[in-house]
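Pulled from TrEMBL, these are the listed features:
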- Trp59, Tyr66, Arg67, Tyr68, Asp120, Arg146: substrate binding site (BINDING)
- 98-199: domain 'Fe2OG dioxygenase' (DOMAIN)
- Asn105, Trp106, Tyr107, Arg190, Leu191, Asn192, Leu193, Thr194, Leu195, Arg196: 2-oxoglutarate binding site (BINDING)
- His116, Asp118, His172: Fe cation binding site (BINDING)
Amino acid sequence: MTELKIKGFRIFPGALDRAAQLAVVDDVREVLRAAPLVRPRTRRGPMSVRMSAAGDFGWISDTRGYRYEKHHPDGQAWPPIPASILALWDRFADCERAPECCLINWYAEDARMGLHQDKDEQDYDCPVLSVSLGDDALFRMGGEDRKDSTKSHWLTSGDVVLLTGTSRRAFHGVDRVRPGSSTLFSEGGRLNLTLRVVT
Ligand SMILES: O=C(O)CCC(=O)C(=O)O
Ligand SMILES: [Fe+2]
């Protein structure tokens, strides 16, 4: 476990072995059969990451803005969070409440995520737990102010990241993925799961 400079930001390198990664991927595929990935739109245009979710809430963005919703854009309730993923929360999050959202981010080779804060949740005392699967990603971590200096970390398949404490409100993003760096998906790409308490 690596405790980095920004308080509460932890990386657990290789937290999931290959078998555990494959089990989670199987469960995510099942979720995606019921709740297909969509490309969120923002007022500035489509995002490069495609998204879906499991749990009581999913985070969506469209031309009306971004928010948590109880339903997939197709109108159906989000599928439940699979047990294999809930188990990761129990193992790493150190939080009494259960996660209400598992956001599913799919990064094709040219996808990225701009610097942002996770701030649509009501209780910042609950952490954000993130699981990286597939191709490596260059994860940039800053501070509570957008102008604070940042430090980048390569996240590899099976890594778990925890944002707690000060880091819970810190700016972060994904600058790029490294295509072909993992064999987890035959088609390549990166899957990122983030677990959050929303209410
Ligand atoms: O893909 C990642 O590693 C980070 C995702 C993220 O920051 C988010 O979904 O809010
Ligand atoms: Fe985020």
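The backbone N, Cα and C atoms fix where each Cβ goes, glycine too.
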List those of the binding-site residues Arg67, Asp118, Arg146, Leu193 whose Cβ lies under 6 Å from any atom of ligand 2, in sequence order, or write none if there are none.
Asp118
Determine, to the nearest whole angstrom, how far the Cα atom of Asp120 (substrate binding site) is from the Cα atom of Leu195 (2-oxoglutarate binding site).
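Approximately 13 Å lies between the Cα of Asp120 (substrate binding site) and that of Leu195 (2-oxoglutarate binding site).
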State which of the following binding-site residues has the fewest other Cβ atoms within 10 Å around its Cβ: Asp118, Asp120.
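With the binding-site residues Asp118, Asp120, fewest surrounding Cβ atoms within 10 Å: Asp120.
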Just give the helix, strand and coil counts over the domain 'Fe2OG dioxygenase' (98-199), going by DSSP.
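Residue counts for the domain 'Fe2OG dioxygenase' (98-199) by secondary structure: 5 helix, 47 strand, 50 coil.
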For a quick check of packing: other C-beta atoms within 10 Å of the C-beta of His116 (Fe cation binding site), how many?
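A 10 Å sphere around the Cβ of His116 (Fe cation binding site) contains 10 other Cβ atoms.
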Please check each of the binding-site residues Trp59, Tyr66, Arg67, Tyr107, Arg146, Leu195 and report the ones with a CB atom less than 6 Å from an atom of ligand 1, ordered along the sequence.
none
Restricting to the chain of Trp59 (substrate binding site) and a gap of 6 or more, list residues whose Cβ falls under 8 Å of its Cβ, or answer none.
Met51, Ala53, Tyr66, Arg67, Tyr68, Glu69, Cys101, Leu103, Asp120
For the binding-site residues listed here, Tyr66, Tyr68, Tyr107, which shows the highest count of neighbouring CB atoms within 10 A?
Tyr107
Check the binding-site residues Arg67, Arg146, His172 for other C-beta atoms within 10 angstroms of each C-beta and report the one with the most.
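Answer returned by the neighbour count: His172.
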So among His116, Asp118, Arg146, His172, all listed as binding-site residues, which is physically nearest to Leu195 (2-oxoglutarate binding site)? Use the C-alpha atoms.
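In terms of Cα distance, Leu195 (2-oxoglutarate binding site) lies closest to Asp118.
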I want the residues beyond His116, Asp118, His172 whose C-beta is within 8 angstroms of the mean position of the Fe cation site's C-beta atoms, in chain order.
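Everything else in range on the chain: Leu115, Gln117, Lys119, Ala170, Phe171, Gly173.
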When the pLDDT values for the domain 'Fe2OG dioxygenase' (98-199) are averaged, what is the result?
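Looking only at the domain 'Fe2OG dioxygenase' (98-199), pLDDT averages out to 96.
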